[in-house]
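Swiss-Prot annotations:
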- TYR76: active site, proton donor (ACT_SITE)
- ASN238, VAL239, LEU240, CYS241, ALA242, GLY243, LYS244, ILE245, ARG246, THR247, ASP248: NADP(+) binding site (BINDING)
Amino acid sequence: MNIWAPAPEPPTKLGRHRQLAPGCGLHVSPIQLGAMSIGDKWHPYGMGTMDKEASFKLLDAFYNAGGNFIDTANVYQDETSEEFIGEWMEARGNRDQMVVATKYSLVYKRGASFEEIPQKTQYVGNSLKSMHISVHDSLRKLRTSYIDIFYVHFWDYTCTIEEVMNGLHNLVAQGKVLYLGVSDTPAWVVSKANNYARMAGKTPFVIYEGEWNITMRDMERDIIPMCIHEGMAIAPWNVLCAGKIRTDAEEERRLKSGEGGRTLLQFDGWLRNETERKVSKALEKVAEEIGAKSITSVAIAYLMQKFPYVFPIVGGRKVEHLYANLEALDISLSPEQMQFLNDTVPFNKGFPYLLFGDGSDYNIVHKAAGHYDKWPAQQAIRPQK
């Protein structure tokens, strides 16, 4: 027998792991399992929930398909998301095989009454105390001695960059956290934080998580260029527009059955607006051209093929939806199809990009002076045949 015989083929392409970022050697599945639905506390607020049995079933399906990358937060489902994931890893004995990302900064004790916890101001924000309490609670709930990726959930504008980055670095030095991430934060803050970390010998951020989908492309203005420059991975959330990427037939079925859809943070309800219907039609057209079974898988592939080091966070409660979304790993979109989807909802980068470009080509000033051949940008990984 060959001691270095190749590993067996993974059950699905989810098991073809890839390097997280240029600045991070961690290898993860190309799609993350979003765990905001895992847990049983948020149903009253318009969010789907899952009891422990259903949560374990979904986690098993993800793991058995080759997935190892889970995204959660201290606040999800009033802390039961972390608890269920921790119990599942302990029961399956697979903690070291998994890459678990969690977060701090949102008020994660909001599920407790003010009779139980009269003062909650220490359980929210970016402060060192909030960080300290949260990471210790997350370690306990996840039943682990370390967190793979620890995120600042949002920037609260009350702490200095030095306080946050020094505190995060200390967690890395103590072995409680391996890598650092940042979410829902302006590009200038992240750039300044990483510059401070490098200059001061601290640990920089290696991944950015933010809202990005075919209808919401604001991250393409400053955040994604910043990630490319900083050597950071990109973790888009809400990639399926809160479940509003659906066909007319699917929406009609939900209306008739009374199933409805997610309403948490959806201030205009669960039904699609005009833009979402237009986008769904465009995705349906592309799906028909390439023979894809699901328009959601086309929406995921669209993001993954725009830039390198993109790891979409895909949630949900049903195993069949998880498997349907894995079709994204088999889809290869042509430049014409990518442009067609780009044009469905025009995106204006604004000043100064409209004046002098975004660096993807030489601008009008250069072109007035001469002719150039530009080196191509690094491309995303395309599906393996």
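Cβ coordinates are placed from backbone N, Cα and C, and glycine is handled just like the others.
Keep in mind the model is a prediction, meaning the values are calculated, not measured.
Proximity of ASN238 (NADP(+) binding site) to non-local residues of its own chain (separation of 6 or more, Cβ distance below 8 Å) is seen for GLU211, TRP212, ASN213, MET216, given in sequence order. When the Cα atoms are compared, TYR76 (active site, proton donor) and LYS244 (NADP(+) binding site) turn out to be 21 Å apart. The most densely surrounded of the binding-site residues LEU240, ALA242, judged by C-beta neighbours within 10 angstroms, is LEU240. For the recorded site, ASP248 (NADP(+) binding site), the DSSP three-state label reads helix. Summary: among the recorded positions (TYR76, LYS244, ARG246, ASP248), the fewest other C-beta atoms within 10 A of the C-beta are counted at ASP248.
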